[in-house]
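Enquirer: Before we start, here is the structure in question, set down as structure tokens.
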Amino acid sequence: MNPYALSILLSSLAVGTITTLSSSHWFLAWLGLEINTLAIIPLMTKMHHPRATESATKYFLTQAAASALILFSTITNAWATGEWTIITMNDNTSTLILTIALAIKLGIAPFHLWLPDVMQGLNLATCLILTTWQKLAPMSLMIMTSHQLNTSLLITMAMLSTVIGGWGGLNQTQMRKMMAYSSIAHLGWMTLILSFSPNLTTLNLMIYLMLTSSMFLMMMTLTSTNMNKLSTSWLKTPLLASSMMVTLMALGGLPPTSGFLPKWLILQEMTKQHLGAVSTLMAMSALLSLFFYLRLSYAISLTTAPNTSNSNMTWRVAHSQMQVLPTMITLTTMMMPITPTLLATLN
């Protein structure tokens, strides 16, 4: 892609998200979401492949439907209450439609079906943007309106997301689909705690962004899009393969990695709210996700062929665009000791 066109599209992505984050009026927030959607579609179609075109079409249709629902819910709310500000969604019908619209935008179950198919048709860099940057604007709107959303609906969607996110990833061999189901499961955890502690949702979102970014950057370095390609990574880059294994453990939520921190705090908060059954179901559904992360770890580290590989030594190649990777891997594994600092910052 032309570097000038690429810089304009990436700038538009940044402008769209910042517009939504900084707005207090629904029309401006909606405008930011639209800029975001229109900016990423050319990035999706830059591969000139039928799968990429199909992904871009699916993404456009789902996001357009969600944007229409957001506009409809805000107009309904303005008609009922006379208010256009984001924090005054006092009409029950409007908040219900808004919750569904934002769930479609984010890919929360049962409105998740577009996400794995769209990601499978994209390159890894666009997948990285789709699973990280594109979540910021809709999630910020959910956090801003969290005190007015229907708690029962959010808990139901959260439980569905974690179960479907774990179940859907079990039999996958494609890395992009696996990361899509991983994203659905993580969004379920964020949705669960949204009504009770928006600060924990923000913390979970930050850690999710770091873990997912680390994973995609490593996949881009190894040019791995499926498990077969990933299984040769130990012979090419042992250090990066071991780092990927630790990142997968963090995504699964195993202590003492950073991924354990949000799950632990969320389950603690849920038991304080006397929702023991929900906490138990969420913890058990996290085991489904952990299984396919362990399966990937096994493919990376324990399936090394007994002979020397003839493939190029990736670690000898200078990856100038991957300079941020060591920092991301460090944050992925070592944020547990600074838990009190993080909580104090959010509160």
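Using the three backbone atoms N, Cα and C, a Cβ is placed for every residue, glycine included.
Okay, so TrEMBL annotates it like this:
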DOMAIN    23-288  domain 'NADH:quinone oxidoreductase/Mrp antiporter transmembrane'
TRANSMEM  56-75  transmembrane segment
TRANSMEM  95-115  transmembrane segment
TRANSMEM  149-167  transmembrane segment
TRANSMEM  203-222  transmembrane segment
TRANSMEM  274-294  transmembrane segment
DOMAIN    290-342  domain 'NADH dehydrogenase subunit 2 C-terminal'
Enquirer: Near the transmembrane segment (149-167), which same-chain residues lie under 8 Å Cβ to Cβ, leaving out any that are not at least 6 residues past its ends?
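Expert: That would be 92, 95-96, 98-99, 103, 108-110, 112, 142, 181-189, 191-192, 194-195, 275, 278, 281-282, 285-289, 291-292.
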Enquirer: Short question: which residues 6 or more past the ends of the transmembrane segment (56-75) have a Cβ under 8 Å from it?
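Expert: Sequence-distant neighbours of the transmembrane segment (56-75): 26-27, 30, 33-34, 37, 40-41, 44-45, 84, 89, 93-95, 97-98, 100-102, 104-105, 114, 117-118, 121.
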